[in-house]
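Trainee: Checked TrEMBL, it gives:
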DOMAIN    68-714  domain 'Myosin motor'
BINDING   G162, E163, S164, G165, A166, G167, K168, T169  ATP binding site
REGION    601-632  region 'Disordered'
COMPBIAS  601-613  compositional bias 'Low complexity'
Amino acid sequence: FSWPVTNAFTRVWIPDPDEVWRAAEITRDYKEGEPVLHLQLEDETPLEYPVGPKSNPLPFLRNPDILVGENDLTALSYLHEPAVLHNLRVRFLESNHIYTYCGIVLVAINPYEQLQIYGEEVINAYSGQNMGDMDPHIFAVAEEAYKQMARDERNQSIIVSGESGAGKTVSAKYAMRFFATVGGSANDTNVEEKVLASSPIMEAIGNAKTTRNDNSSRFGKYIQIGFSRHYHIIGANMRTYLLEKSRVVFQAEDERNYHIFYQLCASASLPEFKDLSLTSAEDFTYTSLGENIFIEGVNDAEDFKKTREAFTLLGIKDSSQSSIFKVIASILHLGNVEICSERDGESCHISVNDPHLQSFCRLLGVELQQMEHWLCHRKLSTTAETYVKNMSSRQAANARDALAKHIYARMFDWIVEHINMALQTSSKQHSFIGVLDIYGFETFEVNSFEQFCINYANEKLQQQFNSHVFKLEQEEYMKEQIPWTLIDFYDNQPCIDLIEARLGILDLLDEECKVPKGTDQNWAQKLYKQHSSSAHFQKPRMSNTSFIIIHFADKVEYQCEGFLEKNRDTVYEEQINILKASQFQLVADLFHEKDDVSSSKSSRVNVRSAKSVPKVPNKEHRKTVGHQNTSTQTQQGIVKILNLYTPLNEFEERVTVSFIRNIQSRLQERNDPPQLLVDTKHTFPVLFPYTPSALSLETLHFPASLGLDFLVRV
């Protein structure tokens, strides 16, 4: 970033520990090489700001006041961090605008309240309009996708990204509502209503309260909405990624389990739910660990009515709904089963009179004595013999929690599968619009295995997005033989290698899981020894059981405790066999092997395709979560979506033939010399999707294939 002006009265931004950036004005001319810049803050406080070539560079320049508040960030003279943040702040606080464009990207600020800007009349106002003709809005982006699908006959996708709590799920929901309204079905199938009905169900079983967000999606989803030749909705299909199973058995302080548990407990007094033996959510371990079962402004019983209505609208029978609710209730009872340690500390038992064990077995239709026995014992097989081994109370509790997570994950996949069956169509799909709502980068006060997996997946996606965008843009310039210095963009491959390469964090984690008496502490020591020299790895000063990774988005400290157990996620075959023998068909179907390659298959493939992995015996369903959550196929699925919808010739896509003809006709009408005068309100932005620190484009080159030779540079 070069400084064209260094004289008095130049306005700048300087870093501030409290406000991040503060406005200031230069009070004395600055000469290159001077160690101090003389400034005055907005409150007229004088400040001597130290500058140096390495330690403290010259501050960023401020934009003219006339540009502040622009609805498109690309209209700003200076486009850097303080300029972007200030413009967003002014629009949000002074003009009450939550949306701002950055070229073809829509930036949204979560207001954390319901705004009256999403009604049908607003949808109708944006329908048929060009993206820049009205105020920035999610409906404008949706209309642009719908219009391009119809005009260009090309499939489209809207990618919703952002940090946890930024409002991704709500944005995706409004985009789907727009498509359902403008592309309503041509007959009485009401398929668009079914598409929208999937939202309350998926929020109930896949969303939860976190410290960042009362309705945080704890899974990623890609919804593909199919359209007919006349661009009416004819069906949809949903793919899900990386459900946070651990939330079923553990929640941090002030967080909740999945909404469906609290909805069911809040409705436990209804006659049809008497046999579930449920009481308040406070009475169950799996729903009370966060110590606050309520969300302000949320009525779980009312939300449960909407969930049931959505199930019915999607054609899921009452008997199937009843079975689903029995499975959910059984998980709560399983969490309350009391595992008693024997005196030797190496074995344990459960009373056959335990009311929660009785309820668990009754609701799932399984044999009580068998379940009681195999919750406390495990079968070990050697080449010569098979024998039964006692489990300590801790081992049994871990196995019990793994079983609860496994049951919930299978039920989640079953529901997604049946939603897709309800949304599928026999009609021929002409085109589709995809909406990708992927979980965001997370950092909390306590970060564990779940945040590690989520942030690793985000790291992979960021790398793909960066390399894809940069590579395409620069290859276009090289193809046209335009003089161009390749941009050295931020590459997070070293951070990814730290996690996934040989002897990386995941490798060492899996190795420690194979050690008979492996511990989180031993794993931490191996990490310190192996990666102390890595630029992306740090050991905290005050801890021997945590580590720091410097991600692309932030520095995150992870607590090692629980990593091994969560990664093993061991589910024992004997427990699964009991569930397979359930007298209830739906419960038995959940655990048959065909589901191992069903809708969740993408989370069951080895992460590192270059490395052969021996087949894991089925006896303990033992694929580690680290491998599941970082699967190559899952990443490839999302990467394929990113690749599919980035135009190969995006520059030429935007500079259309009609745009060029329009310029030509205007020039011919004038007597001026043949030059293009720029109107800043209607100028066509040439967008670069990055802000490199040392880039200076003195000359803008146009690809020769555009035929813009008639333009004279001004």
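A Cβ is built for glycine as well, from the same backbone N, Cα and C atoms used for every other residue.
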Trainee: Residues near the ATP site, G162, E163, S164, G165, A166, G167, K168, T169 excluded, by Cβ within 8 Å of the Cβ center?
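Mentor: Counting only non-site residues, the set is N110, N213, S216, G440.
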Trainee: Once near-sequence residues are set aside, which residues in the chain of G165 (ATP binding site), 6 or more away, have Cβ atoms under 8 Å from its Cβ?
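Mentor: Expected: N110, T210, R212, N213, S216, G440.
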Trainee: Using all protein chains in view, find how many other C-beta atoms are within 10 Å of the C-beta of T169 (ATP binding site).
Mentor: 21
Trainee: Counting other Cβ atoms within 10 Å of each residue's Cβ, which of the binding-site residues G162, S164, G167 comes out lowest?
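Mentor: Lowest Cβ count within 10 Å among the binding-site residues (G162, S164, G167) is G162.
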Trainee: Output, ordered by sequence, the same-chain residues six or more apart from A166 (ATP binding site) with a CB under 8 Å from its CB, or 'none'.
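Mentor: Spatial neighbours, sequence-distant, of A166 (ATP binding site): A108, N110, G440.
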